[in-house]
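Here is the structure we will look at, set down as structure tokens.
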Amino acid sequence: MEIVILVVVIAVVALAAISGLVVTGRRKKAAETEEPRTPESTTEAPTRTAEPTVGEEAEAPPEGARRPIEEVGLPEAEEAEAPPTPEAAEAAPELETPAPTAGRLVRLRARLSRSQNSLGKGLLTLLSREHLDEETWEEVEDTLLTADVGVGPTQELVERLRERVKVLGTRTPEELRTLLREELLTLVGPDLDRTVHTETQGAVDRPGVVLVVGVNGTGKTTTTGKLARVLVADGQSVVLGAADTFRAAAADQLETWGTRVGARTVRGPEGGDPASVAFDAVKQGTEASADVVLIDTAGRLHTKTGLMDELGKVKRVVEKQGPVDEVLLVLDATTGQNGLVQARVFAEVVDITGIVLTKLDGTAKGGIVIAVQRELGVPVKLVGLGEGADDLAPFEPDAFVDALVEEA
Ligand SMILES: Nc1nc2c(ncn2[C@@H]2O[C@H](COP(=O)(O)OP(=O)(O)OP(=O)(O)O)[C@@H](O)[C@H]2O)c(=O)[nH]1
């Protein structure tokens with residue numbers, strides 16, 4: 001009996017020892033086959049099956065997956081917001097802040113370098129010659145004509161220069177520069193009123209109205225868009241009228257300009273009556289208490305009588321709600337004398353009150369400023385000096401002439 005009890009005890013102890021060995025062996029094997037974990041992988045969702053298999057023990061969750069409570073920050077305010085839907089993004093585009101308008105011409109004067117080389121530097125080189133004979137004066141004249149200063153102003157300038165150089169006797173480069181600067185400035189007209197009239201005259205409760213006209217491709221739409229930016233930069237609210245109903249792309253182009261600075265664009269059906277779009281733009285601008293309504297018209301050849309008549313009608317229809325405060329003629333400075341012909345015809349149909357000379361950055365013919373003012377008796381008020389959104393500058397005679405005669 002005692003022997004039987006002893007055998008049973010030995011058997012139990014032996015069994016217990018064997019099962020203990022098996023469990024330890026399994027644990028070791030599991031540890032060997034487990035992949036080493038990178039720090040990143042600890043934050044990933046576990047990929048192993050959630051349920052332990054027979055013979056395994058439930059494992060503690062990996063250390064890295066747990067974060068002490070103080071490390072769990074609250075989501076940032078913007079993170080908490082739902083991302084905008086494409087519709088919402090379209091409805092509220094990010095508004096741009098246009099560059100300030102003061103001193104733009106000074107900042108952009110390097111863009112006049114072609115005019116500077118041919119006009120300013122060319123004249124200074126000629127006037128610095130020791131003997132100013134007839135031939136040299138003819139060259140001075142040619143330089144001015146080539147830069148599109150125009151015949152009348154060229155003759156006046158040469159006469160004044162001849163007189164003053166004679167009085168001066170010996171000339172230093174600095175004296176010549178001062179003399180030329182003064183004479184060019186007189187021709188450009190330092191005292192002309194170059195204000196773009198965007199305000200209504202008198203105590204009238206309606207927006208100022210600006211009509212933008214010119215032939216195709218001179219830069220009307222671009223100028224209207226840039227002008228809207230100038231006005232917005234100066235704190236004014238603007239409504240745009242897309243009265244170019246011939247080209248849907250022109251209205252789209254204008255609307256894009258407007259959207260960038262938060263200005264509404266009034267447009268009509270393609271091929272619709274431009275006068276009615278212009279009328280609506282002023283009406284909506286008045287209802288919205290806008291400060292200014294800018295109306296972009298379709299480009300038209302000055303030689304097409306029907307189109308020019310239509311332009312007259314646009315202006316007359318707008319005037320039913322009050323006078324147009326500014327009529328800007330956009331001229332491409334690179335077209336030279338042809339620009340003057342256009343100017344004359346447009347002035348007959350709608351009273352031009354200001355000129356915008358575009359593309360002055362791409363021409364040596366900066367003298368057109370003088371010629372066109374002389375031709376129309378209307379001042380250049382704005383100049384385009386590039387395709388950038390803020391490359392439209394108020395025209396400042398001093399800065400312009402300085403740029404022409406300054407030392408490089
Ligand atoms: N370099 C330069 N390019 C300019 C300037 N102003 C306008 N342009 C460019 O001239 C081209 C014609 O401009 P638009 O504004 O479309 O001309 P538009 O007169 O409205 O043309 P239409 O709608 O066809 O009558 C565009 O490529 C403009 O970027 C400027 O001052 N300098």
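Each position is counted from 1, following the chain as shown.
Cβ coordinates are placed from backbone N, Cα and C, and glycine is handled just like the others.
The region 'Disordered' feature in TrEMBL is assigned to 24-100. Marked as compositional bias 'Low complexity' by TrEMBL: 39-53, 87-100. Under the heading GTP binding site, TrEMBL lists 214-221, 296-300, 358-361. Residues annotated as domain 'SRP54-type proteins GTP-binding' in TrEMBL: 379-392.
On the structure: features taken from TrEMBL.
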residue: Gly214; record: GTP binding site; Cβ neighbours (10 Å): 28
residue: Gly217; record: GTP binding site; Cβ neighbours (10 Å): 12
residue: Lys220; record: GTP binding site; Cβ neighbours (10 Å): 25
residue: Thr297; record: GTP binding site; Cβ neighbours (10 Å): 30
residue: Arg300; record: GTP binding site; Cβ neighbours (10 Å): 20
residue: Leu360; record: GTP binding site; Cβ neighbours (10 Å): 28
DSSP-assigned states of the domain 'SRP54-type proteins GTP-binding' (379-392) in counts, ordered helix, strand, coil: 0 helix, 6 strand, 8 coil
When pLDDT is averaged across the domain 'SRP54-type proteins GTP-binding' (379-392), the result is 93
Near ligand 1, meaning Cβ under 6 Å from any of its atoms: which of the binding-site residues Gly217, Thr297, Arg300 fit that description? Gly217
When DSSP is mapped onto helix/strand/coil, what comes out for Gly214 (GTP binding site)? coil
